[in-house]
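Below is one structure; the comments refer to it alone.
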Amino acid sequence: MESSRLIQTSHLVFLLLALSVSYVHCQATRVGFYSKTCPRAESIVRSTVQTHFRSNPTVAPGLLRMHFHDCFVQGCDASVLIDGPNTEKTAGPNLGLRGYEVIDDAKTQLEAACPGVVSCADILALAARDSVVLTNGPNWQVPTGRKDGRVSLASDTTNLPGFRDSIDVQKQKFSAKGLNAQDLVTLVGGHTIGTSACQFFRNRLYNFTTTGNGADPSINPSFLPQLQALCPQNGDTTRRVELDTGVLESDQMLWTDSSTKNLVQRFLGVRGLLGLSFNVEFGRSMVKMSNIGIKSGTEGEIRKVCSAIN
């Protein structure tokens, strides 16, 4: 009986791996894409991220966020890296992005080792994974083989989920990219690293309602004074607060909305519900997101410099 179960389990694992590989192949990316053309590609990106992280740990959440912002606009094609007037870089949601110097550094080293081989889009996808690992987060295999896009427009950033979006709007924006509600809840888990400026959530602390103390009633009353001390009503709007305190309204909605609360509870291991492993699911959702709208063949190029189209 035990051997029979073991065989069935092995078959299931094999099937899941096969489905995973076929999904990646249909997206024109695969794990180990550079194994022959640039064998040190992933190690070069990893060591570059490590070097910058040691001197400035804030690059980790910065690179993760940059990858997210890249994929939701024009697909995962490094269009967010392009300089110039009216490019994605200049749009409001992207003005706070950090980590461009890490990508540029990695690209310089890769061009020296393997000229014209590794795309900026792949560098960003790898750097996002390496950043999460450096913060003691989950690890996962990153499929590579993306090409870099040639279009970057600030006007396209309206596709980006906003910190005040309702759950329905968030789900619509994710669904438009082939991501479901579980992906939404899982990827928002990336907010366990990084910070947010007071300007993005201070309204929840003082002017959210016209009744009571004016604060968002979903904030724990015992926690409110701590947040108000960090972000005084007339204080510095650029002061940054840890995201894992749940300061963003869009994050809080995941707990208060019935359509996503169940998923949050499953990650928390609430008794009576089928549990979910955050580390496993985060890696799966990141791979799924990293395959949004990728360019392949003549649809894209391998940029020589990540901030400029060839």
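Cβ atoms are placed via backbone N, Cα and C, with glycine included.
Heads up, TrEMBL stuff is auto-annotated, nobody curated it.
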Quiz item: So, in TrEMBL, which cysteine from CYS76, CYS114, CYS120, CYS198 is disulfide-paired with CYS38?
Solution: CYS114
Practice problem: Tell me, from CYS71, CYS76, CYS120, which cysteine TrEMBL puts in a disulphide with CYS306. | Solution: CYS120
Practice problem: With reference to TrEMBL, specify which of the listed residues CYS26, CYS71 is paired with CYS76 by a disulfide. | Solution: CYS71
Self-check item: Bond partner of CYS198 - disulfide, per TrEMBL - picked from CYS26, CYS231
Solution: CYS231
Self-check item: ASP70, VAL73, GLY75, ASP77, SER79, GLU88 excluded, remaining Cβ within 8 Å of their centroid (Ca(2+) 1)
Solution: HIS69, CYS71, PHE72, GLN74, CYS76, ALA78, VAL80, GLY149, SER152, ASP156, GLY293
Quiz item: Which ones, of the recorded positions HIS69, ASP70, GLU88, CYS114, have a Cα no more than 10 Å from the Cα of CYS76 (disulfide bond)?
Solution: HIS69, ASP70
Quiz item: Near HIS69 (active site, proton acceptor), how many other Cβ atoms are within 10 Å of its Cβ?
Solution: 22
Quiz item: So what's the average pLDDT for the domain 'Plant heme peroxidase family profile' (28-310)?
Solution: 90
Quiz item: ASP70, ASP77, GLU88: which of these binding-site residues has the sparsest Cβ neighbourhood within 10 Å?
Solution: GLU88
Exercise. State the Cα to Cα distance, in Å, between ASP77 (Ca(2+) 1 binding site) and CYS71 (disulfide bond), rounded to an integer.
Key: 7
